[in-house]
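S.K.: The following feature annotations were taken from TrEMBL:
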type	residues	note
ACT_SITE	C64	active site, proton acceptor
ACT_SITE	H97	active site, proton donor
BINDING	D7, H8, G65, T66, G67, N68, G69, N98, R108, R131, R135	D-ribulose 5-phosphate binding site
Amino acid sequence: MIGLCSDHAGYELKEYIKTLLDARGLSYKDFGTYSSDSCDYPDYAHPMAEAIERGEVYPGIAICGTGNGIGMTLNKHQGVRAALCWRSDIAQLARAHNDANVVVVPGRFISLEDTRKIIEVFLDTPFEGGRHARRIQKIPVR
Ligand code: RB5
């Protein structure tokens, strides 16, 4: 079950991403927001992060205007590795090297086509493990 969350600045791109997931026959849980009305990204990021930590959803997809606010919020959670991705090669490395469990997309600064490539690469790329496993094990602070 894939998790989705956004603020108002990411709402339309979140709806587009749902069509990509539908086309692949993938299930998802949408943590909101559910319209383009102004809202606060932590109200949607924290519930999705908690669901990831409980193992209820994996991976997560998150969108705000720049990707920074929602990504900062998600990464407050020790079990979350949220990666801001604006190119598909960064998304590929976020999975292969960082074992990112959330891909964050900057909704106001990215095309639909680049978004599609990023989501597909993120979903299709496995973690390489090895030296990268040692590094990500050192990320949590408690
Ligand atoms: C909303 O206007 C915008 O500030 C938010 O989507 C995000 O970019 C913050 O980091």
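A Cβ is built for glycine as well, from the same backbone N, Cα and C atoms used for every other residue.
Automated prediction, rather than curation, is the source of TrEMBL annotations.
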S.K.: Cα of G69 (D-ribulose 5-phosphate binding site) to Cα of H97 (active site, proton donor): how many Å, rounded?
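M.R.: Between the alpha carbons of G69 (D-ribulose 5-phosphate binding site) and H97 (active site, proton donor) there are 23 Å.
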S.K.: For the recorded positions D7, G67, H97, R108, R135, which residues place their CB under 6 A from an atom of ligand 1?
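M.R.: If the test is a Cβ under 6 Å from any atom of ligand 1, the answer is D7.
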S.K.: Based on Cβ atoms within 10 Å, give me the single least packed residue among the recorded positions H97, R135.
M.R.: R135
S.K.: Please give me the CB contact count at 10 A for R108 (D-ribulose 5-phosphate binding site), counting all chains in the structure.
M.R.: 12
S.K.: The record names D7, H8, G65, T66, G67, N68, G69, N98, R108, R131, R135 as the residues that bind D-ribulose 5-phosphate; what is their largest Cα to Cα distance in Å?
M.R.: 38
S.K.: Can you tell me how many other Cβ atoms are located within 10 Å of the Cβ belonging to G67 (D-ribulose 5-phosphate binding site)?
M.R.: 26
S.K.: Let me check the 10 A CB neighbour count of G69 (D-ribulose 5-phosphate binding site). How many other CB atoms are there?
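M.R.: For G69 (D-ribulose 5-phosphate binding site), the 10 Å Cβ neighbour count is 18.
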S.K.: Using the alpha carbons only, what distance in Å do you get between G67 (D-ribulose 5-phosphate binding site) and H97 (active site, proton donor) once rounded?
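M.R.: With the alpha carbons as reference points, the distance is 20 Å.
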S.K.: Is any of the recorded positions D7, C64, G65, R108, R135 within 10 Å of the residue listed as 'active site, proton donor' (Cα-Cα), and if so, which, in sequence order?
M.R.: R135
S.K.: When a 10 Å sphere is centred on the Cβ of D7 (D-ribulose 5-phosphate binding site), how many other Cβ atoms does it contain?
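M.R.: 27, counting other Cβ atoms within 10 Å of D7 (D-ribulose 5-phosphate binding site).
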S.K.: Look up G65 (D-ribulose 5-phosphate binding site) in the DSSP assignment and reduce it to helix, strand or coil.
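M.R.: Note: G65 (D-ribulose 5-phosphate binding site) is coil by DSSP, not helix or strand.
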S.K.: Which residues of the same chain, at least 6 positions away in sequence, have a Cβ lying under 8 Å from the Cβ of C64 (active site, proton acceptor)?
M.R.: S6, D7, A9, G10, Y41, I70, G71, V104, P106, G107
S.K.: Under a criterion of Cβ-Cβ distance under 8 Å and sequence separation of at least 6, what residues of the same chain contact G65 (D-ribulose 5-phosphate binding site)?
M.R.: D7, A9, G10, P106, G107, R108, F109
